[in-house]
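> To start, I am sharing the structure in question, which I have written as structure tokens.
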Amino acid sequence: MPVHEIRHPLIRHKLGIMRRADLSTKSFRELSQEVAALLTYEATKDMPLAPASVEGWCGTVEVDKITGKKVTVVPILRAGIGMLDGVLSLIPGAKVSVVGVARNEETLQAHTYLERLVGELDQRLALIVDPMLATGGSMVAAIDMLKRAGCREIRALTLVSAPEGIDAVLKAHPDVQIYTASIDQGLNENGYIMPGLGDAGDRIFGTTQKHAE
């Protein structure tokens, strides 16, 4: 299955706290990173291993070592930055590519305005992070950009997803795996996920008075 809704108790609990409208910016930001780390754990479960040896306190010890493609983490600006540290806490050696995608609030269409990608993308696994998968336009645009640059193995990590966004991504890119903490009911007339989390970017960066505590 290309879609993985991770219903681990820790994720369910933390996401439930994040849905509170009165949650502080600090708490929302910290929980975004924690859930991102838990999603990363699930999204990398099939990484290949190879035997290796190290010198331990009692001599040579046989261990396992991750092999295969290197990783690049790809936050979609700006909200994806809120998940970046969570991923890097588990894969600290990963290179970071940055994609800027904006959505026209009238047409709901996405357009890219920034591209800062690392090299050798054809040899890397890309983990795209964006808290909200709503219409899917931003995610599709980011995947388009990565594939044009040569990346062939891409996985998307989101906190909350709408069925409409999932369908849009899989229609455009059926080879992409989606890992999400929750598949919510759907979109409202303004293209926002219901019940969702509100505007994740505003809540992570504290750019609205309501969540700026």
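The backbone N, Cα and C atoms fix where each Cβ goes, glycine too.
What you see is a predicted model, and the numbers here were worked out from it, not measured in a lab.
Copying in the features that Swiss-Prot gives for the protein in this structure:
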BINDING   R78, R103, D130, P131, M132, L133, A134, T135, G136, G137, S138, D199  5-phospho-alpha-D-ribose 1-diphosphate binding site
BINDING   I193, G198, D199, A200  uracil binding site
> Give me the sequence-ordered set of same-chain residues, not including I193, G198, D199, A200, with a C-beta within 8 angstroms of the centroid of the uracil site's C-beta atoms.
P131, M132, V160, Y192, G196, L197, G201, D202, R203
> May I ask you to report the DSSP-based helix, strand or coil state of A134 (5-phospho-alpha-D-ribose 1-diphosphate binding site)?
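Note: A134 (5-phospho-alpha-D-ribose 1-diphosphate binding site) is coil by DSSP, not helix or strand.
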> Specify the nearest of the binding-site residues I193, G198, D199, A200 to A134 (5-phospho-alpha-D-ribose 1-diphosphate binding site), where nearness means the distance between Cα atoms.
I193
> Provide the three-state secondary structure of A200 (uracil binding site) computed with DSSP.
helix
> On a simple 10 Å Cβ count over all chains shown, which one of the binding-site residues G136, G198 is most densely packed?
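The residue with the densest Cβ neighbourhood is G136.
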> Counting only residues 6+ away in sequence within the same chain, which have a CB under 8 Å from the CB of M132 (5-phospho-alpha-D-ribose 1-diphosphate binding site)?
A79, T158, L159, V160, S161, I193, G196, L197, A200
> Max Cα distance spanning R78, R103, D130, P131, M132, L133, A134, T135, G136, G137, S138, D199 (5-phospho-alpha-D-ribose 1-diphosphate binders), Å?
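Largest pairwise Cα separation, rounded: 17 Å.
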